[in-house]
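Data first, discussion second: the structure below is written as C-alpha cells.
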4 protein chains.
Amino acid sequence: MSSSTTQGQDIARLIISCPDQPGIVAAVSELISELGGNIISLDQYSTGVEGGRFFQRTVFHLPGLVAAKPQVEAAVEERLAQRFAMEWSLTEADKPKRVAIFASKTDHCLLDLLWRHRRGELPMEIAMVVSNHPGLAEDVRTFGIPFVHVPVVNGDKAAAEAQHLELLQGNVDFVVLARYMQIISEDFLERVGVPIINIHHSFLPAFIGAGPYQKAKDRGVKLIGATAHYVTEDLDEGPIIEQDVIRVSHADEVAQLTRYGADVERSVLSRAVKWHCEDRVLRNGNTTIVF
Amino acid sequence: MSSSTTQGQDIARLIISCPDQPGIVAAVSELISELGGNIISLDQYSTGVEGGRFFQRTVFHLPGLVAAKPQVEAAVEERLAQRFAMEWSLTEADKPKRVAIFASKTDHCLLDLLWRHRRGELPMEIAMVVSNHPGLAEDVRTFGIPFVHVPVVNGDKAAAEAQHLELLQGNVDFVVLARYMQIISEDFLERVGVPIINIHHSFLPAFIGAGPYQKAKDRGVKLIGATAHYVTEDLDEGPIIEQDVIRVSHADEVAQLTRYGADVERSVLSRAVKWHCEDRVLRNGNTTIVF
Amino acid sequence: MSSSTTQGQDIARLIISCPDQPGIVAAVSELISELGGNIISLDQYSTGVEGGRFFQRTVFHLPGLVAAKPQVEAAVEERLAQRFAMEWSLTEADKPKRVAIFASKTDHCLLDLLWRHRRGELPMEIAMVVSNHPGLAEDVRTFGIPFVHVPVVNGDKAAAEAQHLELLQGNVDFVVLARYMQIISEDFLERVGVPIINIHHSFLPAFIGAGPYQKAKDRGVKLIGATAHYVTEDLDEGPIIEQDVIRVSHADEVAQLTRYGADVERSVLSRAVKWHCEDRVLRNGNTTIVF
Amino acid sequence: MSSSTTQGQDIARLIISCPDQPGIVAAVSELISELGGNIISLDQYSTGVEGGRFFQRTVFHLPGLVAAKPQVEAAVEERLAQRFAMEWSLTEADKPKRVAIFASKTDHCLLDLLWRHRRGELPMEIAMVVSNHPGLAEDVRTFGIPFVHVPVVNGDKAAAEAQHLELLQGNVDFVVLARYMQIISEDFLERVGVPIINIHHSFLPAFIGAGPYQKAKDRGVKLIGATAHYVTEDLDEGPIIEQDVIRVSHADEVAQLTRYGADVERSVLSRAVKWHCEDRVLRNGNTTIVF
C-alpha cells in the first residue's frame with residue numbers, strides 16, 4: 001500500500017466493490033475527472049477476472065468537497081453503482097472517524113494508541129475510553145480523554161453491555177478492544193452497528209483462545225506474534241487485518257514472552273487502527289484487502 | 001506493490017512519467033477502455049502536486065495485443081504523450097526480457113538466479129553468462145545456458161570490454177552483475193545502451209567500496225545488508241532498487257558475516273531482477289520508484 | 001547462540017543434561033581444565049533451579065584429542081555422569097556427521113543444502129540423496145553425490161522403507177526430509193535409530209497437515225512461514241528446531257505464497273541442519289534448546 | 001544472549017575481561033563454587049586464542065550475597081584478577097542502576113522508557129529527567145519522576161553543563177540521551193564519569209550527522225534505521241550497542257520516515273538501556289560485546 005500523505009481538505013476517498021468486469025477503473029476515473037476531481041491515489045484488486053469480485057480505493061482532490069459531496073454521491077449512485085452492482089462509500093479525508101477504546105487492566109496497547117493519537121499519527125477522534133476496571137483512569141485523563149468505568153456488577157454482563165450500547169450509539173464510528181478481557185456477546189455485536197477491532201496476543205490461527213503465551217512456551221515455538229482482526233461471532237476467527245511476530249528463544253519464560261509480545265501487540269494494533277481510519281481495509285468474506 | 005499474477009498472453013504494461021497535473025489517470029484509463037482494454041492493475045506516484053513528477057504503471061488485458069500494438073502505441077503517442085509531455089513505454093507481459101549475467105568466482109548470486117529462472121520465478125531469457133574466470137562454466141552449462149569466458153589478458157580491460165560489447169549489443173535488454181568483481185568503465189556504460197543491475201554487499205550508503213564485511217566487523221554493526229542498484233558512473237552511488245539486512249553478533253567473524261551476507265545478497269538481487277523484468281522499477285533521478 | 005567459528009582439529013563438544021543442582025558448571029570446567037583442555041565456548045540453560053533440568057554445551061580445545069578421547073570419555077563417566085545422573089555425548093568438531101537427504105520432486109530445499117554443503121557452510125558428509133522420484137537425479141549427481149531412486153512399487157511402502165533401512169543403517173548419523181512427500185511409518189521411526197529432521201511448509205502449529213498455503217490463503221493471514229522439526233510419531237508435532245516467516249498480501253495467490261514459502265523453507269531448513277551438525281540442538285521433551 | 005530471568009535477591013554478576021589464555025572459565029567457576037555460589041548463566045567470548053582478549057559475564061546465586069560481597073571481591077582480586085591481568089566488576093542483580101534521562105522536545109523515546117520502567121521491564125531507578133525545554137515536564141511528573149529544566153541561557157552551554165554535572169555527580173550510574181538535541185562537550189564527557197547512551201536516528205555509519213531522514217530520502221534507501229551507542233568524543237562514532245531497521249518505500253515523505261523511524265528509535269533505545277542495566281554490554285575498543 002502507499003504511505004504517502006493523502007490527508008487534508010478537499011480530499012475524498014471512494015471505496016467500491018462489485019463483480020469484476022471490464023471498464024470499472026475507466027468509468028470511475030472518468031466520473032471523477034468530469035466532476036472536477038484529480039486522482040491522487042488508486043488501488044485495486046480483483047479476486048479473479050471470471051466471476052471474481054473487484055475492489056478499489058480511490059483518493060482524489062476535489063475543490064469544494066464538502067459542498068459538492070451530495071452531488072458526487074448522487075453521481076456515483078447513478079453512473080456507477082447501478083451499472084456495476086456496486087457497494088460503495090465516500091468519505092472525507094479530513095473528517096476523522098470517532099472511536100471508543102475498550103481496555104481492562106493492561107495498559108500497553110491503550111497507551112500506545114493514546115500517545116500516537118496525540119502525536120497526530122492516527123486520524124481519529126477518541127470519544128472515550130471504556131473499562132471494566134478503574135485502574136487506568138488517571139493515565140487516560142492525562143491525555144484529556146474521557147474515561148468511563150463500566151464494571152460488571154454481580155456478574156451481570158448484560159447490564160454492562162446495555163450501558164456500553166448507550167454510550168456508543170450515535171457517538172462512535174468504530175470500537176477498538178485494546179486488550180479488553182471480556183467476551184463480547186453476539187447480541188452486542190448485532191446491536192452495536194459499527195466495526196470492532198480486536199488485538200489477539202498470538203499469531204492466529206495458532207494458539208486460539210486464552211493463554212497463548214503459555215501455549216507457545218509449551219509448544220516450543222521460535223517466534224511469537226500478535227493479530228489484529230475484526231470481531232465476528234466466531235471468537236478469534238474474524239477477518240485478519242494485520243499480524244507480526246518476534247523471535248524468542250528456549251530461555252524466554254512465559255513472563256518474558258508476554259513482555260516481548262506486548263511490543264508486537266501494540267505495533268500491530270496501531271497499524272490496524274491507522275489503516276482502518278484511512279479506509280484502507282476492505283472486507284472480503286472472512287479475509288481483508290489492505291490497500 | 002501488488003504481487004498478483006499479471007503475466008500472460010494479451011497483457012500489456014504501459015509505463016509513463018510526466019509533469020504532474022490533473023486528469024492523467026482518467027486520460028490513461030479512458031484511452032485503454034476505448035481501445036478495448038481492461039485494466040488489471042494500476043499504480044501511480046507523484047513527487048508532489050505542484051511542480052512534481054507523475055509516474056504510473058498500468059497493466060491491462062487487450063485481446064489481440066500483438067496485432068494491435070502499433071495502433072496502441074500510436075494512440076498513446078497522439079492522445080497522451082503530446083498532451084502531457086510524457087515519457088512512456090509499452091511492453092508485452094509474456095515477452096521476456098533478455099539478460100546477460102556477469103559473474104567472477106563467487107557462485108551464490110549466479111546460481112540463485114539460474115535456479116529461480118529454471119523454476120519459472122523470473123520472467124526473462126538468460127542469453128548468456130559471462131565471466132572473467134572459467135570456474136563456473138560447468139555449473140552454468142548444467143542449466144543449459146551458454147557460458148562465455150572473457151579473461152582480462154595482460155590487464156587489458158579495454159579489450160575485454162570490447163568483447164563484452166560485441167556479445168551484448170542487440171542480444172540483451174539488460175545486464176546483471178552477480179558479484180562480478182571488475183570495475184565497469186564509463187566508456188562501457190555509455191556504449192552498452194541497456195540498464196545494468198549490480199548487487200553490492202553492504203547496506204549502502206554504509207561501507208561504500210571494497211571489503212564491506214571487514215568494515216562492518218571493524219565498526220561493530222549489529223546488522224549487515226546488501227543493496228541492488230542500477231549502475232551509474234558513480235561507483236556504488238546508483239539508484240537503489242532493493243535492500244535488506246540480517247542480524248549479526250559480536251561473535252561473528254568476517255568469514256561468518258560473508259556467509260550471512262551471501263544469503264541477503266542473493267535474495268535482494270533476485271527480487272530486484274524480478275521487479276525489473278516486470279517493469280516495476282521506474283527511475284526518478286538517482287532514486288527508484290518500485291510499484 | 002554464538003556463531004563464532006568453533007570448528008577445527010582438537011576441538012571437542014561435550015553435551016550434557018541432568019537434574020539441575022549447584023556445582024555442575026564448576027565440575028565440568030574443572031574436569032576439562034584438569035584434562036588439559038581449554039574452554040572456547042560454554043552455553044547452559046536450566047528449566048528451573050528447583051526440580052528443573054540442566055543442559056550444557058561446552059566446546060573446548062584439547063591437544064591430541066583423537067588419542068585422548070577414550071580417556072576423556074572415561075573421566076566424564078566417572079567424575080560427572082554418575083555424580084549428576086547425567087546424559088552426555090562427546091563429539092569431535094572436525095568429524096562431520098553423515099547424512100542422507102530424502103526428497104521427492106520439489107528441488108528448492110535439496111539444492112540449497114547441496115549448494116551450502118559445497119560452499120563449506122554445512123559441516124556434514126552427504127552420504128546419499130534418496131528419492132521416490134527419479135527427476136532430481138541429474139542435479140544431485142552434478143554435485144558428485146550418490147542419488148538412489150527408491151520408488152514405491154504398487155503402493156508397497158513397507159518394501160520401500162525396508163530398502164531405506166538397508167541404505168541407512170550404519171551409514172548415516174541423521175536424515176533430512178527435504179520436502180519428502182511420503183509419510184514415515186512408526187515402524188521405520190523406531191528402527192532407523194537416528195534423528196530425522198523435517199521441513200514443514202507452515203508456521204506450526206498453524207495449518208497442520210497438507211495444503212498449508214491454501215489454508216493460509218483461505219484464512220487470510222498476513223505472514224506465512226516454515227518450520228524445521230524433529231520427526232516423531234505425531235505428524236507435525238515433533239520438537240521445533242527453527243521457524244521463520246515472510247510477509248504476504250491479499251494479492252498473493254496460492255502459487256505466489258508457495259514461491260515465497262520456498263524461500264523461507266530452504267533458509268529455515270538449512271539453519272536447522274547446520275545447528276544439528278554443530279550439536280547445538282538439545283531435545284527437552286517436545287521442545288528444543290538451541291545454543 | 002540469554003533472556004531468562006536472572007534477577008532477584010542473592011544473585012550476582014561478575015563481569016571480566018583479560019588477555020585470553022587457557023583455564024579462565026575453570027578458574028572462575030571453581031572460585032564461585034568454593035565461595036558457595038551456583039552459576040546460573042555464563043557467557044564468554046574471545047577475540048582470538050592467540051593474543052586475543054577474553055570477556056565473560058557470569059551470573060550466580062550466592063546465599064547472603066550482600067554480607068558476603070566484600071569477601072567475594074577480595075577473592076576475585078586475589079585469585080583471579082592478579083593471575084589473569086583481569087579487569088572486573090561485581091554487581092548485585094537486584095540493585096538497580098540509577099539513571100538520568102536527557103530529552104529535548106521530542107517525546108517518543110522518553111515516554112517509552114518511562115512506560116517500560118513503570119511496567120517493570122527496565123531494572124533501573126530513574127533519578128531525574130533533564131531537559132533544555134520545559135515542554136515535557138507534565139508528562140514526566142505524571143510518572144512521579146523529577147523533571148529538571150536546564151535551559152541554555154544566552155547560548156551559555158558551559159553554564160548548562162556545569163549545572164548538569166552538579167545534578168549528576170554521585171547521583172547516577174549512567175545517562176541516557178533520549179533524543180537530546182544538544183552537543184555534549186568533551187569536557188563534560190571527561191568529567192561526568194559515567195557511561196552515556198545515545199540514540200541516533202539512522203543506521204550508523206550511514207547518514208552520520210544531522211537530518212538523517214532527509215538524507216535517507218535523498219539517497220532513496222529502502223530501509224531506515226536507528227542506532228543506540230555509547231557516547232565518545234567522536235560524534236556518532238561511539239561503540240554501537242544495538243541497531244534495527246524498518247522497510248520504507250518511495251512513497252514515504254520525510255515526515256513519514258520520521259514517524260516510522262520514531263518506532264525503531266524507541267525500541268532500539270529501550271533494548272540498549274535494558275541490556276546496559278543487566279550488565280550485558282561489554283566494551284571492546286570501539287565495539288561492544290552483547291551477551
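Including glycine, each Cβ sits where the backbone N, Cα and C put it.
In the three-state DSSP scheme, A:Asp236 (active site) falls into the coil class. Taken from TrEMBL, the feature active site covers A:Asp236.
According to TrEMBL, the domain 'ACT' annotation covers A:13-101.
Residues of the domain 'ACT' (A:13-101) grouped by DSSP class, helix first, strand second and coil last, total 31 helix, 36 strand, 22 coil. A simple way to gauge crowding: the CB of A:Asp236 (active site) has 18 other CB atoms within 10 angstroms, across all the protein chains here. Per-residue confidence over the domain 'ACT' (A:13-101) averages 95 (mean pLDDT, predicted model).
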